[in-house]
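Working notes, beginning with the structure itself.
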Amino acid sequence: NLVQFSYVITCANHNRRSSLDYADYGCYCGAGGSGTPVDELDRCCKIHDDCYGEAEKQGCYPKMLMYDYYCGSNGPYCRNVKKKCNRKVCDCDVAAAECFARNAYNNANYNIDTKKRCK
């Protein structure tokens, strides 16, 4: 679920950045999404949106499903997740969080005018 996703993000970046920093970033981080991602970090969000979309096509509810994950020294990983939907959502969240941690955060892409820049 979205609360767990925020913890997974914090785990992946080792507490260097709040998950809230990603809630209104670029064209795809946060609610909705359209146009071309503004950078690699925004592309991570588009991939995550697409991953949730695939989960929904499989009959899953990614924004509400709970899953078991572990935050280790190498970052988050899904743990003992046997149900198909829960596993899919956990995999989506961990992949996105790791993608966030790998890519630079550009403050200029926070809270952008999506009507102008996301066409």
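Cβ coordinates are placed from backbone N, Cα and C, and glycine is handled just like the others.
Lifted from Swiss-Prot, the feature list:
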DISULFID  CYS11-CYS71  disulfide bond
DISULFID  CYS27-CYS118  disulfide bond
BINDING   TYR28, GLY30, GLY32, ASP49  Ca(2+) binding site
DISULFID  CYS29-CYS45  disulfide bond
DISULFID  CYS44-CYS99  disulfide bond
ACT_SITE  HIS48  active site
DISULFID  CYS51-CYS92  disulfide bond
DISULFID  CYS60-CYS85  disulfide bond
DISULFID  CYS78-CYS90  disulfide bond
ACT_SITE  ASP93  active site
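Recorded features from Swiss-Prot, shown on the structure.
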residue	record	DSSP (3 states)
CYS27	disulfide bond	coil
GLY32	Ca(2+) binding site	coil
CYS44	disulfide bond	helix
ASP49	Ca(2+) binding site	helix
CYS60	disulfide bond	coil
CYS99	disulfide bond	helix
CYS118	disulfide bond	coil
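Annotated Ca(2+) site TYR28, GLY30, GLY32, ASP49; additional same-chain residues within 8 Å of its Cβ mean position, judged by their own Cβ, are CYS27, CYS29, ALA31, GLY33, CYS45, LYS46. Under the three-state DSSP scheme, CYS78 (disulfide bond) falls in the strand class. Distance from the CA of CYS51 (disulfide bond) to the CA of CYS85 (disulfide bond) is 12 Å. A 10 Å cutoff on Cβ-Cβ distances gives GLY30 (Ca(2+) binding site) a total of 15 other Cβ atoms nearby, all chains included.
A 10 Å cutoff on Cβ-Cβ distances gives CYS45 (disulfide bond) a total of 21 other Cβ atoms nearby, all chains included. Fewest other C-beta atoms within 10 angstroms, among the disulfide-bonded residues CYS44, CYS71, CYS78, CYS118, are seen around CYS71. CYS90 (disulfide bond) sits 10 Å from CYS51 (disulfide bond), taking the Cα positions as reference. For GLY30 (Ca(2+) binding site), the disulfide-bonded residues whose C-alpha atoms fall inside a 10 Å radius of its own C-alpha are CYS45, out of CYS44, CYS45, CYS51, CYS60, CYS99.
Sequence-distant contacts (6 or more apart, same chain, Cβ under 8 Å) of CYS27 (disulfide bond) comprise GLY33, SER34, GLY35, THR36, PRO37, VAL38, ASP42, LYS46, ILE112, THR114, ARG117, CYS118. Considering only the recorded positions CYS11, TYR28, CYS29, CYS60, CYS99, the residue whose Cα is spatially closest to the Cα of CYS78 (disulfide bond) is CYS11. Using a 10 Å Cα-Cα cut-off from TYR28 (Ca(2+) binding site), the recorded positions that qualify among CYS44, CYS45, HIS48, CYS92, ASP93 are CYS44, CYS45, HIS48. Among the recorded positions listed (CYS29, CYS45, HIS48, ASP49, CYS60), HIS48 has its Cα nearest to the Cα of CYS92 (disulfide bond).
Annotated pair GLY32 (Ca(2+) binding site) and CYS11 (disulfide bond), C-alpha to C-alpha distance, rounded: 24 Å.
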